[in-house]
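Reviewing the structure listed below.
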Amino acid sequence: MGNTSSERAALERHGGHKTPRRDSSGGTKDGDRPKILMDSPEDADLFHSEEIKAPEKEEFLAWQRDLEVNDKAPAQARPTVFRWTGGGKEVYLSGSFNNWSKLPLTRSHNNFVAILDLPEGEHQYKFFVDGQWTHDPSEPIVTSQLGTVNNIIQVKKTDFEVFDALMVDSQKCSDVSELSSSPPGPYHQEPYVCKPEERFRAPPILPPHLLQVILNKDTGISCDPALLPEPNHVMLNHLYALSIKDGVMVLSATHRYKKKYVTTLLYKPI
């Protein structure tokens, strides 16, 4: 019933907080009993789960390192033209791409031009004309929080896809030309000697399309006998000779004048 004097003294020494009473076995009550982690099969899986997932963690770290390397890779520099058309005697270019240092522009007729290799992305720049800072009003501009007006330019990879394709084509053409101009095999200084069979080789046969002479074709009944059929374009500007008959040689030639064809016949007695 109630606290003893010794308990009251102890309570006063602890600031009015009563310590939990232990039973004869040295334990505390069920409500104040501390939680003790017992060994179990689930605990073993819990402690070794990191070792089981180690390969997946290594793959993730490797992927993250590759991603960081790709992000840090410098963008390809692209040739960019800067032009000042506002006149002046001395014009300089300054921008975020050169830490706002002055770069002199080259005079070309009435303009000032500079070509710089800039990385892909957004860049700001200004012109220093005859001792005065200014910007080009015909180009895009951007205004800072301090009220400074600068020109802005976007260097995009898509703007140079045509040039990249032309460069690839030129490289392919150069490779083909090198292969075609330098066939494989040994090279020497000995002159080429014609073989006997090559010296007495017969002339080439007449192309077959030249054998279709319009003067040898029969004119249809429905056609005007005074008109010849339209010749093939390969028959033009050629001289044809008919076999000699009755001591007369017949020569013919067909020419084109705009959309008309004119065939001339020449009869020569032999």
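For all residues, glycine too, the Cβ spot is worked out from N, Cα and C.
Bear in mind that the values here come from a model prediction, so they are computed numbers and not experimental data.
For reference, Swiss-Prot has these:
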REGION    1-46  region 'Disordered'
LIPID     Gly2  N-myristoyl glycine
MOD_RES   Thr4  phosphothreonine
MOD_RES   Ser5  phosphoserine
MOD_RES   Ser6  phosphoserine
MOD_RES   Thr19  phosphothreonine
COMPBIAS  21-36  compositional bias 'Basic and acidic residues'
MOD_RES   Ser24  phosphoserine
MOD_RES   Ser25  phosphoserine
MOD_RES   Ser40  phosphoserine
REGION    68-163  region 'Glycogen-binding domain'
MOD_RES   Ser96  phosphoserine
MOD_RES   Ser101  phosphoserine
MOD_RES   Ser108  phosphoserine
MOD_RES   Thr148  phosphothreonine
MOD_RES   Ser182  phosphoserine
C-beta crowding around Thr148 (phosphothreonine), within 10 angstroms: 12
Spatial neighbours, same chain, of Ser96 (phosphoserine) - Cβ under 8 Å, 6+ residues apart: His123, Gln124, Tyr125
Close in space, distant in sequence - Ser101 (phosphoserine), Cβ under 8 Å, 6 or more apart: Ser94
Spatial separation of Thr148 (phosphothreonine) from Ser108 (phosphoserine) - C-alpha basis, Å: 29
Within the predicted model, mean pLDDT of the region 'Glycogen-binding domain' (68-163): 85
Neighbour count (Cβ, 10 Å) for Ser108 (phosphoserine): 9
Residue distribution over DSSP helix, strand and coil in the region 'Glycogen-binding domain' (68-163): 15 helix, 49 strand, 32 coil
